[in-house]
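Asks: Per TrEMBL, domain 'HTH myb-type' is recorded for 36-94. Taken from TrEMBL, the feature region 'Disordered' applies to 160-211. Per TrEMBL, compositional bias 'Polar residues' is recorded for 163-183, 195-211.
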Amino acid sequence: MLRFSSQIERLSPTLSAGSVSTIGNSTSNVAAVVSSKTRIRWTKDLHEKFVECVNRLGGAEQATPKAILKMMNTDGLTIFHVKSHLQKYRIAKFIPEPSHGKSDKRAHTKDVHHLDVKTGIQIREALKLQLDAQRCLHEQLEIQRKLQLRIEEQGRQLKKMFDQQQKTSNDVSNTQNSTIEETSISHKDGENASEGANNNSFFPSKTSPSQ
């Protein structure tokens, strides 16, 4: 807590010249000093209340200025003050204190290593999600390709059946026509033969009389 507070003090702007007013909060006894240029000096109590609200909202990465401002409920404090302080607080969380010994160096190295491991895990998870998405897309494309092939095969089968049916219909029609023609020809031949016999009966052949 002291580490972040000291870093916030270094990052916070200095109080401008002018009259200042102290505003108290009845529930938490937190004081804020506001200058004539609407700049605010983050006192220790005010900063501790800010940190408490940030932690209750899930940490610096998840907390939003609007939610922090609403939870702090401090007179004179605006969303611009909270937003600026939150940015500095986030930066301060990643700025190590000056090293004064091997323990500080080890702590800094451990933090950096933890950050690298966390980043590596996030990268691997992102790559895994990307590979999963590509695999799902490939599977969908393969399903669509097989479905298209099946549709084309069914189309060919239907066309083949239609052609076969058409050919059968044509063969039946041709056979019927041939039968009708043959019957008609036979009927005509019969009529012609009958007609010729009748003609012979009407006109008998002349034979010379016997002597």
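Backbone N, Cα and C atoms are what each Cβ position is placed from, and that goes for glycine too.
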Asks: Using a Cβ-Cβ cut-off of under 8 Å, list the residues of the same chain that are 6+ residues beyond the ends of the compositional bias 'Polar residues' (163-183) and lie near it.
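Replies: Contacts with the compositional bias 'Polar residues' (163-183): none.
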Asks: For the compositional bias 'Polar residues' (163-183), what are the DSSP-based totals of helix, strand and coil residues?
Replies: 21 helix, 0 strand, 0 coil
Asks: Helix, strand, coil: count each for the residues of the domain 'HTH myb-type' (36-94), based on DSSP.
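Replies: Final tally across the stretch: 36 helix, 2 strand, 21 coil.
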Asks: Over the domain 'HTH myb-type' (36-94), what is the model's mean pLDDT?
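Replies: Averaging the confidence scores along the domain 'HTH myb-type' (36-94) gives 87.
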